[in-house]
Amino acid sequence: MQIRVIGVPMDLGADRRGVDIGVSAIRYAGLHEKLRALGHSVKDIGNLHVPLPENQPAGDPHVKYLEPIVQVAEELAAAVNQALQEGDLPLVLGGDHSIALGSITGVSSFYDGDVGVIWIDAHGDFNTPETTPSGNIHGMVLAALAGLGHERLVHLAGRTPKVNPQHIAIVGVRDLDPGERELLRANRIHVFTMTDIDRRGISAIMEEAIEVAGHNGRRIHLSLDLDALDPSEAPGVGTPVRGGLSYREAHLSMELLAACGQLCSMDVVEVNPILDRENATASLAVGLVLSALGKTIL
């Protein structure tokens, strides 16, 4: 398989600085060499240009940095769509989670909306400008992809929703804002919390998530936020929440996704080297990518 790596050093969607250099940290952790050792070919197109927050007005406090985030999302959507047209699997490196607006828009355009999403994250990212406590777009992106929120986000590339809400599975959630909790319920999003994982086990949860996102062979986009893991495993994230996925739970999730054979694209986000210890979180991110792309113990 040819993997097309697309870097998006985005930090306009979050408050804490540093995720923009997560792209380089993941590359430095041996991404290319390890993918090739697994038998994949790698084409890295470098980084998309992302404006610096110092040079941009934040604008509306309920949707900060809206215009530059939309601009980058449009460029990323085109790059992802082109990768798929040329038979490559797009691997998008962030950057904060707002980049998923572009990556999933590109996938949705290619598959004419018939795509499922597995969103592995400590948070729901299902706020709107009316419910957000922060105004940070990385906490609104999944709602926008499902057709809710600011019109500039919702109508990106002329398609809404980008993903049928019934084809979305969120895994690993343990921190929701009150407003987004109500939106998740109202839109009947399949949410698998850490309580669900504790009670039923990660294998059963991932099998159900794959069925939700990939029913009848539907292609699946994986959006992996490293804060889904427990901070003891992934210290280098901007919004850590205790009680997350263990190392083995995370790897088994990736292995099960690889085994289903329906993964078409992925993004890896929220690695913050400023908060990391000896690049441990970036190295973990690389390991999880490898598991999602076919690496097994035996």
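Count begins at 1; order follows the chain as displayed.
The backbone N, Cα and C atoms fix where each Cβ goes, and this holds for glycine too.
Same-site candidate for Mn(2+) binding, as annotated by TrEMBL with ASP121, HIS123, ASP125, ASP225, ASP227, chosen from HIS97, HIS251: HIS97.
When Cβ neighbours within 10 Å are tallied across all protein chains shown, the highest count among the binding-site residues HIS97, HIS123 belongs to HIS97. For the recorded site, HIS97 (Mn(2+) binding site), the DSSP three-state label reads helix. Counting Cβ atoms from all protein chains shown, ASP125 (Mn(2+) binding site) has 27 others lying within 10 Å of its own Cβ. A strand conformation is recorded for HIS123 (Mn(2+) binding site) in the three-state DSSP classification.
Same-chain neighbours of the Mn(2+) site beyond HIS97, ASP121, HIS123, ASP125, ASP225, ASP227, judged by a C-beta within 8 angstroms of the site's C-beta center, are, in sequence order, TRP119, ALA122, GLY124, HIS138, GLY139, ALA228, THR239, VAL269, GLU270. Taking a C-beta cut-off of under 8 angstroms and a sequence separation of 6 or more, ASP227 (Mn(2+) binding site) has the following same-chain neighbours: ASP121, ALA122, HIS123, ALA234, VAL237, GLY238, THR239, PRO240, VAL241, GLY244, GLU270.
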